[in-house]
């Protein structure tokens, strides 16, 4: 469309073609492009200032063994940099040393970093800078990088230096020389495979001239290197916490850092309204071309035939002698009818940052004014809504996008994460099973007794023996401290001896984790009960398990790089930490290898403790373990109550066997190429033949009003997909609690017992199982046999992410699976990985619409909501992405289009702000086309009486000011309009269904607006012309009649906008009547200027009684029929061929004006809010 308006502007520069002054096109183009350029300039200025602030921060850099302060932009690869607590890392650093704490306080030299959100981008490999003369030489080796995001488990992560560098003094680190071999810059945030060689001179011989690696290196510098992992990497843009300062090596700088490689232009998102307007614009364009062709040729033939009669025009000779003259009239009509496409309707959508600067996040489109302004103000209304404010988090809703407001009111599918999105991500240890026995009362019973307070657990613990006098004080202290919880106190005392399997279970919880502890003070009267603080862990589950073990007097005390101390019934135990196999999303388990030092064991053995997901552990458990059946039963039982389960297991190895395995493990860890796969293979060798110990069950409570929100949105016709990494039984229970599934739903497992005879079966739960193509095919065939497509209704599909991914990859299964999922009322996808979540979003966007929507021609519109970094791919690929600011950090929030504090606010986001935006923008979009089509129709009707000459009825100034000035403000004032009260919009699902169906904007309503414009143009033109002819005796007065018709058109716009408004405030009336007043003032000024073509014309119209009669008569004839159709005949606007004076499809409002509830500000109740500003505006007129 940019090219279209440019062509129109260029053609108007030729006097022989243009019927009007070029200012009619060039002035709007200049104004709109200037506004667009100013917006881009503002964004560039904000970006430049942000970059400059970042690049000119003072940082401490080592120069010749001394730390000096320089700008961060002077950092080069290989520099030693000091960062202090609370400061942001200026580049990607390799952690060498932490300082400011004593070894006793921080034996591992731990540093804590606060992680922000990093966007997603595909892999790229820019060249790594190798500065000459660097004290540290960084050698870039080849590797295959993957697209990844932060795992999102916690916003506080631990980093630790190597022991070899931590024990060095600060002066030694500043003067030290070494070699680091690492990967090329890449966007993989979850992997850093590198090595450090402490003796640089010994390895310099492997480099060729100029410091470039020789051909024989192959990415390896020989033996002796110490492996570097993600625990030593400090990413740029993260913040140092809880550590006085660190010394780090600059590994990647600038755009080659992890966050730099992840920078990318966010995906382009076009709203459904924009897509429809695009198609309608093309229709209007082709209609315009048809009219241009017809009227131009008719005009040519008219001149050719009538030329001899009107010899004074010299028409026939010109047409015959110059063939090019045949194209003059078509081009003139092209310019005359170019008003049919308003220049300000289409444009560039943008994102709004917290600094209120707008940045483009879409492909270039024609600039817009009207819709962009309305969308921008809609974003502010959302940001100011205090009903979406969370006092605990001190955050509110934030619209990061100014382009997608109307899509919030037309969502058909919601794809949601579970943990942290539907639940609170606050883990509470509720139940456990040790061996064959389960502990803890079922969820929902009163009073609720957790496992640590269960009397049954106390009963299996043998009674404590008689205590010597030295221990009596300790027993008394226990009883005094836990007197209110006698069951727990008894358990703590009886656990002083403990059943072996019980102690194995509790020791496993206290040893197998990554939690760090710091000592806290205790009251003097209970010195024996000095406990240790457990700070937030990288996993809320680990934190809950360690605290539970501590409550049962198996307490994690502290750890250092080589040892871990626990306390069992008050007796200290020390273990040597030999290996830590960390949890990853791919492994879904973690293991530790420890050797007990005190009290000394009877034999030299190493204990391998493994905990993880049930399917992972069961696959690696001893096949002959007699607890396999009971443990699996406990897992299923706990999961059915919605608890998160982990299986605890262990294995004992001899010292010699472990030494042999550990040698291979260290070799794999020291590799650079393929480290991840090599380490995984070595871990598999030790994590097998595990002995099952027990099961933990943790409750993650639902957020407030989750079930109510989902129930209302489902009644509004929205289909929900819950995508979770939990096992199927847990997901089922959570889905039932969230009102995604009925508790009494018929569960069909692909077997005959799930079939129902006769009629349509409602409330079915259909499981699609299988991990390979053959099993999935059989499962789908059984589903089709038991529940044919014609008999399924309101059913839920439950499947695993692997099942979905495998089915979609198979050409013959993909259509069957898509058809099954398309008609589902709810889909629960278990064991889903971030990549599978992303594929699910793409599937829903491409799959056929449900029958109820397909009948209306509605395609799926997907909203994805999550709270963690692993939800970012899903959020970015959805048409509308919503992030929750929760315990998992800001990754999802920063990558989203809209950010909200809690899931319950999704109701207000969609059903209030989204639906209001859909209704308002539907009217404004159609109104912009309507008023442009109205003026173009008047121009066309005028040429019926001028021999199709292509002459303009209005003067150039009137045409230029009509769209840009006189009729621009009234529709903008409509952004405060409310067709219904907020309370009804939040509680009436049918209103949202109407927005989804497109009742407010569709082809039918659009063409009704165009017919309305054509009729009103004819009514005003012919009634005005008739009035001049009947009362004055002349048919057309070229001076007075255009001004009269123009004035009547503006008065008609007042009636149209006022009739469409459902609420009346002084703001609405100010813009509506103020625009007309501006027209009067401008006309009075211009009519007084002798050199203007309008000199004296407006005064003549004001003094002419014909004009005073023609204006009200023509406006009444043009507007009254539509008002009667809507109000007196009580026709349904959405079903009538004629649009109402309000937005097509809007509810009938009668003759009164409703007092609107303020859309933002202080919350009066759940469905209302206000601000002082709108209170002042909200006066009924």
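Just so you know, glycine gets a Cβ as well, placed from its N, Cα and C.
Just so you know, TrEMBL annotations never went through curation; they're auto-generated.
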Do you know which of 256-279, 280-303, 352-375, 376-399 TrEMBL annotates as transmembrane segment?
280-303
Which stretch, out of 1006-1031, 1136-1161, is listed as transmembrane segment by TrEMBL?
1006-1031
State the residue range annotated as transmembrane segment by TrEMBL; the candidates are 208-230, 231-253, 323-345.
323-345
Tell me which range among 977-998, 1043-1064 TrEMBL lists as transmembrane segment.
1043-1064
